[in-house]
Amino acid sequence: MLNNKRLFTSESVTEGHPDKIADQVSDAILDAILKDDPNARVACETTVTTGMALIAGEISTTTYVDIPKVVRETIKEIGYTRAKYGYDYETMAILTAIDEQSPDIAQGVDKALEYRDKDSEEEIEATGAGDQGLMFGYATNETETYMPLAIYLSHQLAKRLSDVRKDGTLNYLRPDGKVQVTVEYDENDNPVRIDTIVVSTQHADDVTLEQIQEDIKAHVIYPTVPENLINEQTKFYINPTGRFVIGGPQGDAGLTGRKIIVDTYGGYARHGGGCFSGKDPTKVDRSAAYAARYVAKNIVAAGLADQCEVQLAYAIGVAEPVSIAIDTFGTGKVSEGQLVEAVRKHFDLRPAGIIKMLDLKQPIYKQTAAYGHFGRTDVLFPWEKLDKVEELKDAVKY
């Protein structure tokens, strides 16, 4: 008999993972700048390795930020507070290599191509995209957060892993960790059970593997994953190498923008390739990806599709997107052409329009840099609002 069930896997990492340290540092610097200079241009990259961090990039701003102080505060908050962890906020070296934004790029952002020969003082019209590129947003009704179940549970487990370390429940845990969840779908594409959960967590040298496995199940997995999704066939792999003492930047170098699938939809939807962290909202890699999620989520919440993927694309120095594409994977209640028409009418997808629509000049980015930019339950980001649902319903009758 043919088995029509399928498996899909996504992963997340904790805030102490080297790549996520880099993301959080880059976004902490961005926030510190935006707090005093909302119009700053920031492209901040971070590299972390044993005993040091390198901060590089292009920043144009009217304010001053003590970058080493921001870096140390961020590392401390994550939990690298002792030299024995292989990374310590007090003793680490911090190198900075910061230039200003290229004037060639700035002229295209400051004055969009469409309005370069006109006397438009309207910022929404005047601002061009900070780069070319394509961005995707996605939503599905398989969870209350409009996220695929595998990435949603991966983030929840990774956050729980960090929480039990920080609150002392499992005080032998260390900051680095990874989680992976495999979901089984039935023939109608509904999630029915968890097939496999993988948890790898850094730990103190003096704790046994058996204790770690028992504690992770009791304090991380069972309180987080709904009981009806786990059965006797569910497989658990907890620290399957047997030992994870050396971790964080001592174990692996980390770099901003290396966890773009963790940051988005866990591989369930397409990705344009651009990362988010360390970029101010004139960079459409970030702001347009947020806008695409905003559009997709409101379409699904309006009942116009069970799942929806939105692609936006831009040319550097040009305000209007060069293309808008929508794919509902056969679940749409109306044609994709009708949806595109409604989106053009009710969403301003020019860079400055996105910034205004989603209020993106706020210093809100550090909290996006771990446990996902989308579908969060611990904080409500502007691109997660469902305030366009009624407008979309009215615009598209079926």
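Every residue gets a Cβ built from N, Cα and C, even glycine.
Of all ranges given (2-12, 101-111, 233-243), Swiss-Prot attaches the label region 'Flexible loop' to 101-111. Taking the C-alpha positions, the distance from Lys259 (ATP binding site) to Glu45 (K(+) binding site) comes to 13 Å. Those residues noted as binding ATP (His17, Asp176, Gly177, Lys178, Arg243, Phe244, Asp252, Arg258, Lys259, Lys279) have their most widely separated CA atoms at a distance of 36 Å. By neighbour count, meaning other C-beta atoms within 10 Å, the densest spot among the binding-site residues Asp19, Asp252 is Asp19. Maximum C-alpha to C-alpha distance over the listed L-methionine-binding residues Glu58, Gln101, Asp252, Lys283 is 30 Å. Mapped onto three states, the DSSP output places Asp19 (Mg(2+) binding site) in helix. If you measure from the Cα atom of Gln101 (L-methionine binding site) to that of Gly177 (ATP binding site), you get 35 Å.
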